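Report on one structure; see the data block that follows.
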Amino acid sequence: MFASRNAVKLAARAFSTSVASQSKVAVLGAAGGIGQPLSLLLKANPRVTELGLYDIVNTPGVAADVGHINTLSKVEGFTAKDQDGLKKALQGAELVVIPAGVPRKPGMTRDDLFNTNAGIVRDLAKACAEHCPQAKLLIISNPVNSTVPIATEVFKNAGVYDPKKIFGVTSLDLVRASRFIGDKIGKIVDVPVIGGHAGITIIPLFSQVEGLSLTTEERDALTDRVQFGGDEVVKAKDGLGSATLSMAYAGARFADSLLRAASGESVLEWAFIRTDMFKNKGLEFFSTYVKLDQDGVKEILPLPENISEYEKHLIQKAIPELKKSETKGSSFVANSQ
Ligand code: NAI
């Protein structure tokens, strides 16, 4: 079921030559810690025919550098100083990936970034709603549990909202969970991760990994490591930011999934999206299993029936947290009209 999602196959895909159509990808925040390696990986992806790189600073250098890589895509870089720079980066984009904003420092939660990043995501989403309303939005900027509701409200206000096209990128949690289990069992398998993208809202479903047997202590320790794996990187970088390289890898993988779906492949992914799954709890956004097609989300699949009692308990604990972040995001847009 997740056969195409391991590292080896991703690498093989990256150099496949079966490109279907013209696909422009815009990266907003392209000169940052995530933006640069993400732009590199997108340049290496033959499905991408054009890259529009935008950041408030330093984008021309990134575009010139990445632009020398000998894949056929065209690369253009714009900054806030360029007249209509953001518009030019966005026009014609099929995907817009947004890693713009400040990252965490040791001791910070993702929610601590809200005050700075909420406004950045709101303004960039406004530009997307105006210049490429049909594009799929891939939001990396934290706190994802709030920034996705922010972009959603902006699109609703602009009258161009399509829930099939706005995604919070939670792929790094899946990549981490897969890696941590890989360390234990000596092979890379896919581990579904649902919920959201912050602390206890990140819920790895180890029950869904065939043949995996964990003691209660192992399960608790691994769950905690997936939920707080980002902190390991923040601590190791010691004030110089959070995950950038692994995030770029995970973001490029998610972008590739959408591009493959756009070219007609049937693709399954996990993403933070608008769903009725927990409507009875007043929750609108949840990361879950989706089928993708050329329009974005084709179908939201139900949670597996055989998830464990422990995982069900984690979901119940996550829902109020998710709801809080969701309300914080949507209220921010309502109050900044
Ligand atoms: P960074 O500080 O290295 O780069 C951010 C870039 O955004 C900078 O180049 C900056 O100039 C640019 N920027 C700021 N305001 C902008 C605006 N209005 N328009 C365009 N660009 C703008 O930060 P880094 O490490 O790249 O992280 C970016 C974001 O990604 C952070 O919010 C971080 O928390 C988040 N993140 C999300 C993850 C996820 O799993 N979804 C994982 C890791 C980080």
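Note that Cβ sites are derived from N, Cα and C of the backbone, with glycine treated the same way.
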TrEMBL NAD(+) site partner of Gly29, Ala30, Ala31, Gly32, Gly33, Ile34, Gly35, Asn117, Ile140, Ser141, Asn142, Met247, selected from Asp55, Asp162, Asp224, Asp231: Asp55
Candidates Arg110, Asn142, Arg176, His197 (recorded positions) - the one closest to Ala31 (NAD(+) binding site) by CA: Asn142
Composition by DSSP (helix, strand, coil) of residues within the domain 'Lactate/malate dehydrogenase N-terminal' (24-168): 62 helix, 26 strand, 57 coil
Environment of Arg104, Arg110, Asn142, Arg176, the listed substrate site - residues of the same chain whose CB lies within 8 A of the CB centroid: Pro103, Pro143, His197, Ala198, Gly230, Val234, Ser242, Ala243
Residues that sit under 8 angstroms from Gly33 (NAD(+) binding site) by C-beta distance, when 6+ apart in the chain: Pro103, Gly241, Ser242, Thr244
Candidate nearest Arg176 (substrate binding site) in space, where candidates are the recorded positions Gly29, Ser141, His197, Met247 and distance is Cα-Cα: Met247
